[in-house]
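Taken from TrEMBL as is:
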DISULFID  Cys146-Cys182  disulfide bond
DISULFID  Cys325-Cys362  disulfide bond
DOMAIN    27-171  domain 'Lysosome-associated membrane glycoprotein 2-like luminal'
DOMAIN    212-351  domain 'Lysosome-associated membrane glycoprotein 2-like luminal'
DOMAIN    372-403  domain 'Lysosome-associated membrane glycoprotein 2-like transmembrane'
SIGNAL    1-22  signal peptide
TRANSMEM  370-393  transmembrane segment
Amino acid sequence: MFRCAFLILFLALGNELHLSHGTEVSVNNTENKLCLYANLMVNFSVTYEVGVNKNETVLFVLPENVTTEGSTCDNTTSTLKLSFGDGHSWTVEFAIKNKTYQVDTIVFSYNLNDSSVFPNSTSNETMSVTGKSIITNVSVDTYYSCKSEDVLTVESVIQTLYDVALQAFVINGSKSDKDTVCSADMTSTTVAPTTTVTTTAAPTSTPTLPTPTTGKYSITPDVNSTACLIATFGLRIGYKQGDKEETINLVPNMTEVGGACRANSSDLKLTSDTINITFTFSNDGKKFHLHALNVTVIPATGATVVAANTNMSIWAAAVGSSYMCNKEQTLNVTDTLTLYTFELRVQPFEVNKGEFATAEDCQDDTTESWLVPIAVGVAMTLLVLIVLVAYFIGRKRNQGTGYEHF
């Protein structure tokens, strides 16, 4: 079974990953005037090797205590570099265009030789990943404000930004009182990251929607290759809008498929006008499982809902086989968002000729398959016992009556 150890670094009270504090920094220019300001929260999820075909995943947060050495400001570009711990850094590159500015790239560097964060790592290298952010079109002399999550997935690293207040190209050394609010906050209800996941065999309420259409999805590395990940399932998402519970189905023929296949992890990304969802699978060389989910629901009316869970260990099967569950399954991603799957079958590793290998059934299907004959056998046994008991009681009474008349 995949070993997944989670090291949570907390620099404030509380034991949840969604912390009550933020990382607040100010950067001054050569004239000792404020030129960059940030107050934000960042969660990191990093998967790394601890042995041959063995991975572990560590979760930690951007701490309060960071240094800004290496940060720079000028008229057209700015750099915010936050260094922390033993050789880790998080760097944001800004660029200005006319009357707006944006984040061009986010670079996260992490030192695998830091055993306090990456215990048992087989590497002592400092790794870096570079990703694009959705922070764009921020009006000059305003700060960017976003309470909602911005999830950035690059290779084996997931970065989640939230509660962000960020201003580059500060004018006259004073942070602006005006903000540019992210689009997600204009209509969104943000779901904090959680590390709790439970599964049940059936939904707690009868869905009002029809059963979702079963979609067939596959990831192909290039046009000359066969699929490296294949999946079929119907998908429904339940979510809360205030006190009201809503449901929405994923429509396969209106969904774009993306993702990537790697040696120890694979991603399946499904995108439609109403649902964006990323499934991240991991394997330890022997077994694979669903490790993380990132979900965004954009309903026709009401608030956008964002949820993420990077502490999962479900849909497990041997590498080289597929996982199958014909029953409806219920997966509680967060307190306010639930996934329902129908006719599920997935194989994220070692796909041969684009076809599913032998399937390992989910526990519910397996249980049902042997419970039914056992239940029938027990019922037949009880019926035979009842008939025998009735026969002997009747016989004894008849014998007693015969003696009495004799």
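Including glycine, each Cβ sits where the backbone N, Cα and C put it.
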Distance from Cys325 (disulfide bond) back to Cys146 (disulfide bond), taken between C-alpha atoms, in Å: 39
Nearest-integer angstrom distance between the alpha carbons (Cα) of Cys325 (disulfide bond) and Cys182 (disulfide bond): 39
Neighbour count (Cβ, 10 Å) for Cys362 (disulfide bond): 23
List of residues, in chain order, with Cβ under 8 A from that of Cys182 (disulfide bond) and at least 6 apart: Ile134, Ile135, Tyr144, Ser145, Cys146, Ser148, Asp150, Val164
